[in-house]
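Marked as transmembrane segment by TrEMBL: 6-27, 55-76, 82-101, 108-128, 148-168, 175-196, 216-233, 240-264, 276-296.
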Amino acid sequence: MGFSKDNLKGFVLALLSSGFIGASFIIKKKGLRRAAATSGVRAGVGGHSYLLEPLWWLGMATMIVGEVANFVAYAFAPAVLVTPLGALSIIVSAVLAHFVLKEKLHQLAILGCVMCIAGSVIIVIHAPQELPITSVQEIWSMATQTAFLLYVGSVIVLVFILVFYFAPQCGHTNVLVFTGICSLMGSLSVMSVKALGTSLKLTFEGKNQLIYPETWFFMFVVTTCVITQMNYLNKALDTFNTAIVSPIYYVMFTTLTILASVIMFKDWDDQSGGSIISEICGFIVVLSGTILLHATKDFERSSSFRGNYAPLSPSLSARLCSGNGELLKHDEEDEQCSEEDCLRRQELYP
């Protein structure tokens, strides 16, 4: 199956998104370091001098541009193509950290980068083409089909069980509880983001979709899911090591998002069995590379005397406009704590 123009646009936007978001971590970290050097108070211990640092704001602007590009990418290409490409932001962060921040890139990390790239290439080659959508009512009919309603109902039931039963009992001891809530809600947020993005795309093309209540309903769902997702992502990051939360969240979120997209938009209906298997294999390779990258960062952080630290990738999208901003805040705190420990060690051992 050929690579359609819309898929190409979505692919390019997803690449730009990963590039901007990956670079934003490095730019913001440079800004945080510069602000800490100027004021003497780090963000990790309550300092807010970085708000006066132009470089930090440049990083924020870069991250926002990346998120907007990711949002638009879903309007052109299927989630099966766009979501896994979010892992490429890890590669951008790791490579830039190596050259800009002088943080050593472990050989296993290089292998992880190669795996992410190889898996992404496989996914892109075998990505499905979406049927053209001419109105938000078409998306609404997809969202109200029996199979997807069963999925939505299952997600809501599972979220309620996790929130009201498992979270109070083992939410602070089992990482799967909070990340499960984030991932389940994230899959619905991506579907709503895709629906909303398509509606806005049609509106800009001259087919006003803002007059339909379905467009505003999807906007309401996006807002609700994003708020819930951010809330429990923060709880997960506050409770567990980010090196554990990030890969688990990425794997669960991406898997559930692809499942939801396959059910709602029927991405695999017109594909051959070989193409579907190739996409799944590519996805597994990307996941394996992502886990290896995070495992390598955790290994380096625990074994390196200087505490070198490569910025975490936003989970996607999650990625999307769904928790990345909050994840950045926690990354800043973790980064600053690591740097503070490094400076203390340097003072003790000049």
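Note that Cβ sites are derived from N, Cα and C of the backbone, with glycine treated the same way.
Away from its own ends, the transmembrane segment (108-128) comes close to residues 1, 3, 7, 11, 77-78, 80-81, 84-85, 87-88, 90-91, 94-95, 267-268, 270-271, 275-276, 278-279, 281-293, 295-297, 299, 310 of its chain (Cβ-Cβ under 8 Å, at least six residues beyond either end). The list of residues near the transmembrane segment (148-168) in space but at least 6 beyond its ends in sequence, with Cβ under 8 angstroms from a Cβ of it, reads 142, 174, 177-178, 180-181, 184-185, 187-188, 228, 259-260, 263-264. When Cβ-Cβ distances under 8 Å to the transmembrane segment (276-296) are tallied for each of 55-76, 82-101, 175-196, 216-233, 240-264, the top count falls to 240-264. If one looks beyond the transmembrane segment (82-101) by at least 6 residues along the same chain, the residues whose Cβ comes under 8 Å of a Cβ in the stretch are 10-11, 14-15, 17-19, 21-23, 25-26, 29-30, 66, 70, 73-74, 109, 112-113, 116-117, 119-120, 123-124, 190, 250, 254, 257-258, 261, 282-283, 286-287, 289-290, 293-294, 310-317, 319. Across 55-76, 216-233, 240-264, the stretch most heavily in contact with the transmembrane segment (175-196), judged by Cβ pairs under 8 Å, is 240-264. Beyond the transmembrane segment (55-76), the same-chain residues lying 6 or more positions past its ends with a Cβ under 8 Å from any Cβ of the stretch are 6-7, 9-11, 13-14, 16-21, 23-32, 34-35, 82, 86, 89, 190, 193-194, 197-198, 200-201, 317, 319-321, 324-325, 328.
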